[in-house]
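Input: a single structure, listed below in structure tokens.
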């Protein structure tokens, strides 16, 4: 058969390159990668079963090429059978490729074991069995056995393909049956080899694993389902159904057979459950007699698993289906229910985001389980109690897929997320359907005809676009509607706005405005009466006690009533689209709330009218209704009744336990009572904190609010009262334009213009006060937490002696026995502490050396000896003892006097010096004594030492020894030690040199140092038998001892002590190494839970989502030059010069034996570990495993092994192996790391960058065997009708010997990432593969450190720690270190900003405010809590763009809370370039805009108590809204001034002597400028730097940041936040923005900056620029005032920042050549035409169209608002035309009309020129030129007439430019909002051309200053210094980098890879 295939096609086979050309989507792979290693990855998804065959072919290729050929032949045959007509995608190309390869190999290979292929393959199969299988189960590990059996199975399939069945040898069949039998018991596994043969790993021998396994395998008394087995075919081995032949072995299989769960899901959850049970059970048990699980363990697990289910049942008042029969084992029943829930959850796919939907499924299936068990206990006749087994996909097909299809249909409505949120149902809407009793209408099995599943519209045909919005009537939203409006801010935080408005009213009474608006009705609604007090004659706060003032203050209740009415109205309007899904009681509540609020809004004003004496107007009418009743005004009764709910709420606020209990209660009376207070919801009940926490954050906010209100009154409100009264009393009749309301009294326009900015500042400045108070509280709390106590190496040296004991106290588990003997054995305990500490410290130091942070010499100076038993003193690390010996020698040599005590007192004054002297003496003695072989020589040494010790005891040391000889002795000792450390090829020569130096040493000791040294030799010679001369002594030494590791360590340490003559205060020199060492030491003195034993610690997993980011840099990427000629490698060498040198030393060290290929790989890793790559993240996270193994060693190895050292352990091989296996078993039990590489399967089949990502991920799995990779596999499968369809799987793989090995495969109902946002969906599909009770989420740009990993078990104990209140934390927040701060100034700014947020910011949020949420990574989740409540994020399109924070929202709403801990840190990278940072800020602002609309923020805002709600607001969406108000204040101020200047009111009013003499108005206006600058927002940053680095460093850093224009940068980012936050709320358009994580700083082109910042900054900056110009030109007030400059300078600063910051912070932004290139590029871009397929960066038209994308999907309200806002630009033209000289001071409206005529004429002429150029520019050139000439002559004529006749001036022309430019821009904005209408009318092209003209003008305005500055070279040098000052301070030669000129003083020697100085 094999030979016949070769004759099918003749002729030479085509080359691989040609095949790649034919099928680029199939044939891939790097050129240096053999095709045999990748052909298994070329298989189309529809041919997945072919992959194992090709992998086997690759495996046997080297052993027997002919067998490999036959395997590929079998693959080809199977491919053809699977898809005969090649319908599948890529199948035809794959067949062609495989056929050509077979033709080539068929000719090149020959049989090796037999003459023909039939015998060849059978012989090879038999040999393979005998070599690898026969006895392998006793010698091979399970993972190896699984691979062997798989290969044997494939080989037998090849045998059956090549050899006819009747000719297969009996021996071959016998072996095949045996393989089949064994393979049924073996499979690839994840952690536990439950079904595997081979040597059992140590984890399977753990008693807790055995007990858990025994428990779930208890299937006694369970009814076994009927199965349908096929008849075995004797002649067809593979037809034997292996799985069907198994009996039910455990609970998981039993449930699977009943409900039809997938095998992959069953295997995954089986291991999951076993590990959970084992880890939980061992914490409460001793290992002695450990045989079975405790029932309490299972009850504890079930309580965690079913807490949400029980709460759901109680909420719906339905009976729980967790029922137990008395006759059945309760433990077994509980395990069945737990297993059932896990199996449901494991296969639920996207439904995992709907926790209550899962509760419903479990509720129904648990009822089925109970029914089955009940029938089994009460049997009936026949087989009715036996269930029929279901197929593996029954549950997926009948339960999950219908629910998924509902999700998918809804997603089709959202138009890719662009449709309004109110038009489609997201995850929350569908999940909240199960919060009502309606969910039981779905019945069980699910009724697919129910309205929940049946859409009201028709499903689109497959030919139509899936993203198109479906037509038809939509389903209603559930409970909440996400409407795009700013009113959500009021609705969600209404109590805060009511408080601020009422507080303002207490201070201010705007009865003056009402006097203007309502004649004789000035006292009806005394709104804004914070100025009641200020407006009163008294004018002080004591005025509130005056009668009239107090009555005015009482008007706040009227305001309160109207604000409540507004809230009730918004509740109805904003929830209308959800009314059809609401309960009647909820709708009734909304209506009653509105009616009640409306009634009070009528009753209270009527009652208030009765308080007024002699009322007039309409008040007299109301007063007749509100007469006094029995002497007491009716109004007092009314407000008393009205405030009763508030009084009750205040009482409950003070007793949070009662309120919490009432909210969670399901009793009808309490439910009815709470129904009015808040709507009944499943979440958000009982979130009230304990009393102690409540007191803390209440005190915080009371102090803050008092300060804020006092400041607002005395600085903002009170100074404006007198000027306001004066302005109101003035009468103005001389307006400078046409005034539409000339009779309006009290100058209301001026009052609004003055007061509006102050009112905005009043509502915003609480954000500033929060920054101040959070800084103070955070600093104090940080100081009490011991932060920054060790922040320098000097501080570390001073406290290092306490570090080992602190380490033992916090990081080592302690027992009661140790505590009781603590005082009895202090000395031995100290040595033991140091011994244990040294293990961790030395591993810490070694990891830093492997990371190249420190050099070899630094490492030697930092290491601590493992044991101090060899010497009588503690052996501290050499960096503490450096220079101590040389100093002691000098001290002794120069000592004057004969008293030993004085000398020793000086030495002992320094404990480290004393320790070093004794250690050196004793170590040198031991080294020499061990080196000598001759007993006589040893006697000499012993005598000398005896003399020394005797003299010390008798205090005659100075009398018997000469100190002058010590320097020469020291020199000889240095030489002696250096000889011991050298490696010689000739032992004899080495020996002779050591002898010579040793003899010199002994001579110096006995002659130069000792006074009576000769006597020692005389005594020795007398007793010596051979009586040798002393000169012949010390000739016999044991040279082999120099190869002893322990001796070499002593020699190295002694050599350092003697030779390091300078202080090691700067060791290590690397700043990152210093930071890590000091932080680790400091953390040991912070408050942290005690460490449990490693076996009893909480188990945890780490999950990292990955998409397409860099995994590892290739050599090509390292050496690729950018536009400036700089490579990545060269760039990093200059940024990290010391680390590069350390790296070179490491790879060139002969001991490491790196080959050239290995050196290249190490170089790739060195660069990758300094970028934001997956390789860096994986390396950091795998430190957890190393830490666990070390912790196991410290606990189980015994003191003797610990004293010998972790790296130098001296134990028998069996004990060493037992410790190693035990450590790995415990690490597997406690730690799992899963990387969710979503497109890993696609990358395998790709080419280029994606293929390299696959190779690098595979390399990581092979490097770290415990690393797991989860991915979504997309396959094509053929239906019965021959058509193909895509099928999706969640797959988990691990590294095998050379390739990955599949562990679990779980089919999905559809593509999971199409439903929601990519990242949370990526996390969700992989979370089922995680293990443990805790889950840490780590992003792809993070890092970890070994020393921090050692503290992980301490952090996990926070979940178990006792706290105030009954709740335990559900998320543990950890601090982060931003490691990208050294790249540039921008990176430094971002690093400081982010550091302040993740430290002091989150510290205050967690304590005292209790509103910390999940802001990303690296927080640790209570895994069981979150997997039963929707997961670790939310995923609905767009609304959950900031998916991470919703995990915190969800956790808090469901009864959890988040803590923050700073004794542990995780590294994190941030964006380093201006554009990257801006895109990140835009993404975060978009996310906060979406949060403003979401239900989570609404519910938290409504259900938090008042003070916690304030904390929540100002730390989430409130921060962005306050930023927007900050910018809005500038606009309101300037437009108010523009109105006053243009109308002439400023000249008439503000120049009045009564007003001009008052400085109060200036001071009040100046106050808003302070807030606009926002300088106080950097206070947290300064405080945190001061805490951790010292306040001198903090002030210095702050000054340097200002000199580097940090204020410009932060002001620019303020604009980014405001733009994207506001646009998102108004129009939507939020999206994920990939910022990129590269570290090479590059020059951004002018066009790139223009496209990115045109709408967000440049347009707004130019608008403010024109406003300031107009104000400067026409305004005249306060020019001489000192505060005028302060007021306007802040605004000019804002304008300059917004216009030019991108160019200031753009590397080489002022390089002349780049400026020229940028201009050419921008002009080309402006001129290019757009169209379909033209990207925005190629054409202005495409970009302009993309910029309006948000308007395509906005609603009519958004369009109208855009039009209304655009009308502000017409005020320029209206105001300026009346100030023109040509207008002759006319105030007629006709002047404004004529200006429009002029403008329209200009636009018409420009349109004519444009049309003429298009139509006549080519064919009628002459006519077009004549037309332009006529237009030019006409223009000259008109201008001449205007100048001569109408008195037009040049200033008028400039003024007209300022007038008409904004009007034209307004026309463009209105045109964009009305785009569909203008397209229909045919005017859209004109709008586009007008827009292009404006873009040209803006570009020229921005580019001109850049071009001018680029002329001057010093500007470029200054900019470079400005941007890269941090890098300069660390040796970065940035000018060399940016110009591409490598310094000629340095060359890289490629042969040695070392940097040399020429």
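Any Cβ shown, glycine's included, is placed from N, Cα and C.
Just so it is clear, the model here is predicted, and its values are computed rather than measured.
The region 'Disordered' annotation in TrEMBL covers 1-39.
Note on the domain '1,3-beta-glucan synthase component FKS1-like' (332-447): DSSP counts are 85 helix, 1 strand, 30 coil. Taken from TrEMBL, the feature domain '1,3-beta-glucan synthase component FKS1-like' applies to 332-447.
Annotated transmembrane segment per TrEMBL: 496-518 (among others), in sequence order.
TrEMBL lists 525-545 (among others) with the feature transmembrane segment.
For 591-611 (among others), the entry in TrEMBL reads transmembrane segment.
Annotation comment: TrEMBL describes 700-723 (among others) as transmembrane segment.
Sequence annotations record features per position, and here TrEMBL assigns transmembrane segment to 744-762 (among others).
The transmembrane segment feature in TrEMBL is assigned to 768-787 (among others).
Counting only same-chain residues 6+ beyond the ends of the transmembrane segment (1512-1534), those with a CB under 8 A from a CB of the stretch are 489, 493, 496, 756-757, 760-761, 763-764, 766-767, 770, 1401, 1405, 1409, 1411, 1413, 1445, 1485, 1488-1489, 1491-1492, 1497, 1500-1501, 1504, 1565, 1568, 1571-1572, 1574, 1614-1615, 1617-1618, 1621-1622, 1660, 1664, 1667-1668, 1671, 1691, 1694. The transmembrane segment feature in TrEMBL is assigned to 1512-1534 (among others).
As annotated by TrEMBL, transmembrane segment applies to 1683-1705 (among others).
Below 8 angstroms of C-beta separation, residues 737, 1535, 1538-1539, 1541-1543, 1626, 1663, 1666, 1670, 1751, 1754, 1783, 1791-1792, 1795-1796, 1799, 1855-1856, 1858-1863, 1865-1866, 1869-1870, 1872-1874 of the same chain, each at least six residues beyond the ends of the transmembrane segment (1760-1777), sit close to that stretch. Residues or ranges marked as transmembrane segment by TrEMBL: 1760-1777 (among others).
The annotation transmembrane segment is assigned in TrEMBL to 1789-1806 (among others).
The feature transmembrane segment is assigned by TrEMBL to 1826-1846 (among others).
The transmembrane segment annotation in TrEMBL covers 1893-1916 (among others).
Long-range neighbours of the transmembrane segment (1893-1916) within the same chain, counting only residues 6 or more positions beyond its ends whose Cβ lies under 8 Å from a Cβ of the stretch, are 1646, 1650, 1654, 1658-1659, 1662, 1699-1700, 1703, 1708-1712, 1715, 1719, 1722, 1726, 1740, 1744, 1806, 1861, 1864-1865, 1868. Using a Cβ-Cβ cut-off under 8 Å and counting only residues 6 or more beyond its ends in the same chain, the transmembrane segment (768-787) has close neighbours at 700, 703-704, 707-708, 711, 1082, 1085-1087, 1399-1401, 1403-1404, 1407-1408, 1462, 1514-1515, 1571, 1574, 1576-1577, 1579-1580, 1582-1584, 1586-1588.
Confidence across the domain '1,3-beta-glucan synthase component FKS1-like' (332-447), taken as the mean pLDDT and rounded to a whole number, stands at 86.
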